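First up is the structure itself, then whatever we jot down about it.
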Amino acid sequence: MVTGVELKSELVQTVGNDGNLSSADTIFSKEKSPSVIRAFKNVLVICFAFLLQFTAFSAIANLQSSLNTDANVGVNSLSIIYACLLLSATFLPHPSIATFGLKWTIVISQIPYLLYMVANYYPKVYFMYPTAALVGLAAGPLWTSKCIYLTEMGSIYAFEKKLDKNIIINRYFGIFFMFFQSGQIWGNLISYLVLMPEERIYAINGTENNRSLVFESYAKCGADFIEEEYQAVEDTHRIDRKTIDILCIIYICVCVCSILIVAVFLDQRRTSSRDRMSVMFCNSMKLLVSTVKHLRHINQLLLIPITVWSGLEQSFLWTQFSKGFISCVLNAKYVGLILMGFISCVLNAKYVGLILMVYGICDSIGSFAFGQLVKLVGRWPCFDFAAIINYALIITMLVWHPSQDQIAVLFVLAALWGVTDAIWQTQINAFYGVIFTENREAAFSNYRLWESTGFAFFRIITPYIRVRLVLIILAIFLSFGIVGYTMTEYRSRTLEETKDKTKTNNTVSLS
């Protein structure tokens, strides 16, 4: 059992002389560790802040292919974000945290998201691309800081209440992702309400050629969908500029509120003394090496496929599923309006938002529910349940051809995908925090690196390949991911049992 003083040094880790993580050089700004109430307050502050920020960012990101179609600047900006995130997750988290502390790392990392939303107000290449790069660079420190903060608050709560740390950390990640995923509900609801009036749409060209393109694209919805062919239909209609400006202003205001919440209400993290800042910065440079060295851990290597899968499955829903199954089918449903020149990608955006609201609701509820359920049935059954559902959904989308008479199926698919995503997001995050207790920053940096690899990979290749191939890739990564996770879980349990036996034997020997 550690003392209160020892707990403070255990919770935050820096790099020792050997390049590995050791005892902490940072503490909370108060002399004592946060109380249980303050710890939970900090969790709620992070939850509300991320809810607001990603209500705005996710909603505007989901609509990039419809909002900013000139030179494909919207979709290209998303690719830049995830490409820069690969670099950010590897090199920036610890230097940022060591220099600014967890609180101000989060605040500073939120600002590029705000700038990106401002750039959407005037979406030119020279605004969108630089701000997108800044978002990608900021995302690594932002998410690593969040993961460490939640893990430490869970550890503090468990220590004070003498509870199982793993259970509390799982619960905190469940609470966080309940808030975070509910952002999909509110963001898509805002998009739906603002984009709903049909008079805010105008057709660019209602020629006979465009009509034939619509019918041809409908024949290739579902597994046969390919974005490159479908883009010609989307480009025939655009969203009214005034509507885009309204959306941007709303999202900018929401993002500003998020930044203020963290700046005002989140407890500060400071170095133990200002004259140690240079030492900490040197140590942070060593952690760059530690992040790479972390790949030598068998557990980390085994978890790479499931972590990449986490990025792939999220990217698939927001790109291929929303276009190949939702937008594509709704074009056909409103074919009469298309022939009159009124329907456009804005109606697609509206109904994409409506269906993805269902996804967000299930994801949000599932995040909290499985955060609680895992302490009753364990993490292993939850992972197996999610994998079985995902396999079933992948097979369904491979064989089922969506049609205008089966729109309800889209809601079911989105809902079930939301349930499984809730499991992946909460439990993979928590699992990293549990099994890599001695080098969390390097572990979470690797988590963001490999998840971002999945995001970037699909963002780059999916416009040029059919959904059928995308679904096969998903099934392959899910299979490798489950095998890797199972082996890691087995290794972790075996290690715990060995430690327990050793402790028991030592106790018997002493008696």
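Placed from the backbone N, Cα and C atoms, the Cβ positions cover glycine too.
Taken from TrEMBL, the feature transmembrane segment covers 39-61, 73-92, 104-122, 128-151, 172-195, 244-266, 324-343, 349-370, 382-401, 407-424, 469-487.
In this chain, the transmembrane segment (382-401) lies out of contact with the transmembrane segment (39-61); the count of Cβ pairs under 8 Å, excluding pairs fewer than 6 apart in sequence, is fewer than 3.
Long-range neighbours of the transmembrane segment (128-151) within the same chain, counting only residues 6 or more positions beyond its ends whose Cβ lies under 8 Å from a Cβ of the stretch, are 12, 42-43, 46, 50, 68, 73-74, 76-78, 80-85, 87-94, 96-97, 102, 105-106, 108-113, 115-116, 118-120, 169, 172-173, 176, 429, 432-433, 440-441, 444-445, 447-449, 452. Residues 46, 49, 53, 56-57, 60, 67-68, 77, 96-97, 128, 131-132, 134-135, 137-139, 141-142, 145-146, 149, 244-245, 248-249, 251-252, 255-256, 258-259, 262-263, 266, 268 of the same chain, all 6+ positions outside the transmembrane segment (104-122), place their C-beta atoms under 8 angstroms from a C-beta of that stretch. For the transmembrane segment (73-92), the residues of the chain that approach it from at least six positions outside its boundaries are 61, 63-67, 116, 123-125, 128-129, 131-141, 143-144, 288, 291-292, 445-449, 452-453, 455-456, 459-460, 463, judged by C-beta separation under 8 angstroms. Sequence-distant contacts of the transmembrane segment (172-195), counting only residues of its own chain at least 6 positions beyond either end whose CB sits under 8 Å from a CB of the stretch, comprise 43, 46-48, 50-52, 54-56, 58-60, 62-63, 146, 150-151, 153-154, 157, 239, 243, 246-247, 250-251, 346-347, 349-354, 356-357, 359-361, 363-372, 374, 418, 421-422, 425-427, 429-430, 433.
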